[in-house]
Amino acid sequence: MDLLQNYADQNDDGSDESDNHDQQNPNSSPESSPPRLLPAKSAAPKVDDTMLALSVAQANQTLSRPIDPTQHVVPFNPTYDQLWTPLQGPAHPYAKDGIAQGMRNHKLGFVEDASIEPFVFDEQYNTFYKFGYAADPSASAGYNYVGDLEALQKNDGVSVYNIPQHEQKKRRLEKKKESGDEEDAEEDEVDVIEVDNPATDTWLMKNKKSPWAGKKEGLQTELTEEQKKYAEEYAKKKGEEKSGFGGEKGEVVKDKSTFHGKEERDYQGRSWIAPPKDAKASNDHCYIPKRLVHTWSGHTKGVSAIRFFPKYGHLILSASMDTKVKIWDVFNSGKCMRTYMGHSKAVRDICFSNDGTKFLSAGYDKNIKYWDTETGQVISTFSTGKIPYVVKLNPDEDKQNVLLAGMSDKKIVQWDMNTGQITQEYDQHLGAVNTITFVDNNRRFVTSSDDKSLRVWEFGIPVVIKYISEPHMHSMPSISLHPNSNWLAAQSLDNQILIYSTREKFQLNKKKRFAGHIVAGYACQVNFSPDGRFVISGDGEGKCWFWDWKSCKVFRTLKCHEGVCIGCEWHPLEQSKVATCGWDGLIKYWD
């Protein structure tokens, strides 16, 4: 064994041999064998830890380092502290004051734009140079001023433009004193000749007021009689304008009415305006009248409008230029039943209520009067200070208290007659309003005006829903609704009657046009027969024209009046009877 040991010591430099030797002698004792260390083995791949360590360190660094203001993209979510941390560390090698070259916009560094009014800047600039302090535009919560803070407290923070009150007073006194001294000095030096010579500056200085400006001896305290009278009239006019209701802007006339019939009530107690019991249409077919059957004369001047009593036509109402409104019997005596006197000037338009017990009259005295047909009393008076050219009651049974009036000041005014208040003004026309016609179950109305246009309104809403104006259109002073409510006939002042649809588009029906009569310059009324088969119109030569609705051909002309035939109405029940009125003061009844 000792020999073997020695052998091993000799060959300790050859490790391979000793290994082989051990393998050859597996049964050798462990005590005699030297201790051996085996290298550790792992199945995991070998990993370099350097990059991991660096990335961890980088992450820790990003949590603490401030954001570089020059970088455009931040690859991580910075905290509030990081965003607002000031730049630290050594100065930038290529930047003065630590500002990178790209951040500069001025030779002294980075200048930030501020929006300051020139006046505010000048005020602070001058204040700084005078008092030594100024407002700091970039100041945050701390001091809002820069410069001499003691002077700031002493002057109570005033700027050069905020002169204290006592300083202002002092300056005014000094200025006054200076100007006074100058005048005194000048007065001593003034030459008498220069004062009298208007060509010199001295004369101008002495007579600063214009020589032709009349001098007033003190203030006028009392008004003259003429001024007092004018002031009273003006105050009265203003008061009436404000009230709007019942303010008679025209000449005021005492309202009165005269009954001309035999008795106001018959033996059964029925009123004289009650319709006869047997009044009803005999057949539905209308015929053109041929001859004159009656003439109502009583007006002393031209008649401007006529209206049959609604539904029955046993009475006819007439408005005249002699300021009176008269109502006449149609069926029986054919005489004037009552005269209504309340206007001081010519009456322009009349309109019955649905049941005929009341009516409206509009006069050139700027008043609209609401009359009781039976008694002749004025229920109420309305005025805006402008001439009403057309008056209409809303045809709905539940809106019989609503009055519409087209005025000379381009407005359509709507009154509630129960309260007397103006509830709406439709103000879009560019000329005086001539007609108001309700269409579409009284939900809408069409108005025509001197501005040569038609406008369609939703009742109660002062916005035009349809505006019809063409270059070839003329003014349309009379419009009538066809009995089937689908068409409107408009009397155009270029001697023709135009037909418009009352459907959504309100289109002109180019196939229907009624012509032949001369109406240029006159507001001759156009109308329909109750069955819609005939169109009827007066003209400027006193004729009454009848056209066939389907063929648009002239059916007949009747010479009715001397002068203008201004109005024509077809009787609502008797199919062949027509009433006309003219400027000769007569109302004629044709059959």
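Residue 1 is the first one shown; counting continues down the chain.
Note that Cβ sites are derived from N, Cα and C of the backbone, with glycine treated the same way.
Sequence annotations record features per position, and here TrEMBL assigns region 'Disordered' to 1-44 (among others).
Sequence annotations record features per position, and here TrEMBL assigns compositional bias 'Acidic residues' to 10-19 (among others).
The region 'Disordered' annotation in TrEMBL covers 162-190 (among others).
Summarising the annotation, TrEMBL assigns compositional bias 'Acidic residues' to 180-190 (among others).
As annotated by TrEMBL, compositional bias 'Basic and acidic residues' applies to 237-268.
For 237-281 (among others), the entry in TrEMBL reads region 'Disordered'.
Look at TrEMBL and you will find 296-330 (among others) tagged as repeat 'WD'. For the repeat 'WD' (296-330), the model's pLDDT averages out at 93.
Taking H, G and I as helix, E and B as strand and the rest as coil, DSSP gives the repeat 'WD' (340-381) the counts 0 helix, 23 strand, 19 coil. Sequence annotations record features per position, and here TrEMBL assigns repeat 'WD' to 340-381 (among others).
The annotation repeat 'WD' is assigned in TrEMBL to 426-458 (among others). Using a Cβ-Cβ cut-off under 8 Å and counting only residues 6 or more beyond its ends in the same chain, the repeat 'WD' (426-458) has close neighbours at 387, 389-390, 392, 394-396, 399, 404, 406-414, 464-469, 473-481, 485, 488, 490, 500, 502, 506, 523.
Sequence-distant contacts of the repeat 'WD' (558-591) (same chain, six or more residues past either end, CB-CB distance under 8 Å): 279-297, 299-308, 310-313, 316, 318, 320-322, 328, 330, 522-525, 527-531, 534, 536-544, 546. Here TrEMBL flags 558-591 (among others) as repeat 'WD'.
When Cβ-Cβ distances below 8 Å are used as the criterion, the repeat 'WD' (296-330) is approached by residues 253, 261, 273, 275-276, 279, 336-341, 343-356, 359, 361, 363, 371, 373, 525, 563-564, 566-567, 569, 571-574, 579-589 of the same chain, each at least six residues removed from its ends.
Assigned with DSSP, the residues of the repeat 'WD' (426-458) fall into helix, strand and coil as follows: 0 helix, 19 strand, 14 coil. The DSSP breakdown of the repeat 'WD' (558-591), given as helix, strand and coil counts, is 0 helix, 18 strand, 16 coil.
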